[in-house]
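According to TrEMBL:
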type	residues	note
REPEAT	A:110-140	repeat 'PPR'
REPEAT	A:141-175	repeat 'PPR'
REPEAT	A:176-210	repeat 'PPR'
REPEAT	A:246-276	repeat 'PPR'
REPEAT	A:277-311	repeat 'PPR'
REPEAT	A:378-412	repeat 'PPR'
REPEAT	A:449-483	repeat 'PPR'
DOMAIN	A:593-685	domain 'DYW'
Amino acid sequence: MHASCLIKFPPPILSPGLHSFLGILMLEISSPQGSTLAAVALIAAEDHNMCQQMHAAVVKSGAANVTSVSNALISVYVKCASSSLGMMPHSSSFLMCEARKLFDEMGERDELTWTTMIAGFVRNDDLISAQEFLDQMDDSLTVAWNALISGYVQHGSFYKALEMFRNMQALGMELDEFTYTGVLSACTNAGLLRHGTQVHAHILRTKMKPAPDFMLSVNNALLTFYWRAGKADQAQHLFESMPKRDLVSWNAVLSEYVKSGRINEAKKYFLMMPQKCVLSWTVMISGLAQNGYGEEGLKLFHQMKVEGYEPCDYAFAGAIISCSALGALKHGQQLHSQLVRLGFDGSLSVGNSLITMYARCGVVEAAKCLFLTMSSLDSVSWNAMIAALGQHGKGTDAIEMYEEMLREQIVPDRITFLTVLSACSHKGLVDEGQRYFDSMSASFGMIPGEDHYARMIDLLCRAGKFSEANRLIESMPIKPGIPIWEAMLAGCRVHGNMDLGIQAAERLFELRPEHDGTYILLSNMYATVGRWDDMAKVRNFMRERGVKKEPGCSWIEVDHMVHAFLVGDTKHPEITAVYEYLQELGPEIIKLGYVPDTQLVLHKIDTDQKEQVLSTHSEKLTVAFGLLKLPPSAPIRIFKNLRICGDCHKWMKLVSQFVKREIIVRDGRRFHHFTDGACSCGGYW
DNA sequence: GTAGGGTTAG
């Protein structure tokens, strides 16, 4: 029996061979040699049941006094406690207690014993015990201090980590690459540019004999530090000048490109990478999904598998988010079933992304069902569910969900309030929204940001409370920016408040002259009140500045394929059938009271032509295609890049009444469920 | 026994 061949067994799956082998070793345990070997095998197996049996056998045989054996046992307890795969929720604290008991029973403890315990506490989120143990140690051991620094960083106690670093310096302790990367990570996360720069200077000053890859790991930490401190150029320069780069260096830069939304650079860089791992693929896939490249995200996910990489749960989450952007429900469901087969369905990020996927694909019930059956939930899950209900116009349910979240002792964060306020806005719940907005600072000590103010302005303006909205803007501690004026303009359009609307639009023209939405909203407002000259002025203004209206585009998933239609589409292979069907549908919808709302057409053309333009709006084409292709009883779920236009909104109501089918439209902002001639939005859009 | 690169909510 050789220890070297034991370590080759792959953890943590306990192969039958290893299992029986452990059994044999249990019999040999009476000799310290035999028990050390068995402990080594145990570490490889990471099996807590075997560990407990072994613990008992070791105590019985008196081998507990052999430090190396007890160290190995402690190590297994600690690892099993933190992996908690398929275990009961309380078993991790139980296993840590067992480790502690063993520690207390030991006659002699060495550095490894102490460090294993401290690292174990850190891994199991018990920093208080970790600090206690560290304080009890006679010697100041760098490894142990490093472990605690990393623990503080993981828990967001960045200043604690810095304090430990300073103490290490004061004690004259040896500082290694783990110490420096730990403290740099604290500076990165706390946004401490000056501190981090000082640490960098300190490293450069130190004349020590460093470990072979000392500067490689330190440089990797510095890359992220400089980038997040707003010094992307400096970070890039560092990357170029590094004498040695590894996967971590490449992944660090890739993820920073993605995080800062520089997706085209990220794509180029991804192709350039000399080596990739699952993590690189994951970063790229979710980066694409987050930046609206759902189709490319999904393609990359498949390519990843083709190239022989096994997607992890995070990669699946990225692919699922691609589906939600696309509205590819069938595809998302396929991924869901793959996940279950692979055993990833317990993963929080996967569960959370599935909630969003079902909701954003229009099936809010499925999202709710998933939420209710998930084995664990975090604030992200609650936020996702509240957002889902709000987007579907279920404002009251969203509020109820938020109250339940509080009862469950989940602390709401800034995003929770954004979702709650949006939910109130989509349903016109002014008083409730005001109460939650006030509670942010009063009950949770959170200062509302500009985005929170914008939601409030949206809520107030949609409800026609313009003087309240103005008062709120005046009371803001920050200068109102784009989100505030956008909310105001949208509210003014709903209520035809020209004066205020023009003011808001002017602010927006100053802040963002290149954005098409402002021109469109303002000219629509002029059109509604018949101010044709002013409308023409806005249009000229737009032309002079070279601003192009983003074309309306809608799409639908049929037979696992996404079919997209542009306004006045001529490219789709089945477009003729679509127009024919719309021709048939026309008189029926008019019989139900449809009158084309030609005021909404921007071009200076006659009424017939305007009706023609309206009748080819992308959302109408897409609904017609869905009605032609989907089975008779299936709901029609369509997606649109822009907000649905008022004429299409009326049309959809009547079509849903005529064909007796549910039509669900996701526009740029929210969902509309049309049934029997009515829409779930109740006019609040 | 410790580090540097990831995910999900708006």
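Backbone N, Cα and C atoms are what each Cβ position is placed from, and that goes for glycine too.
Counting same-chain residues at least six beyond the ends of the repeat 'PPR' (A:141-175), those with a Cβ under 8 angstroms from any Cβ of the stretch are 111, 114-115, 118-119, 121-122, 125, 127, 130-131, 134, 182-183, 185-187, 189-190, 192, 195, 199, 206. Outside the repeat 'PPR' (A:378-412) by six or more residues, the chain places 348, 351-352, 355-356, 358-360, 364, 367-368, 371, 419-420, 422-424, 426-429, 432, 436, 444, 670-673, 680-682, 684 with a CB less than 8 A from a CB of the stretch. Within the chain, the repeat 'PPR' (A:110-140) has long-range Cβ neighbours (under 8 A, six or more residues past its boundaries) at 67, 70-71, 74-75, 77-78, 81-82, 92-93, 96, 99-100, 103, 147-148, 150-152, 154-155, 157, 168, 171, 173. Each residue of the repeat 'PPR' (A:378-412) gets a DSSP state, and the totals for helix, strand and coil are 26 helix, 0 strand, 9 coil. Per-residue confidence over the repeat 'PPR' (A:110-140) averages 94 (mean pLDDT, predicted model).
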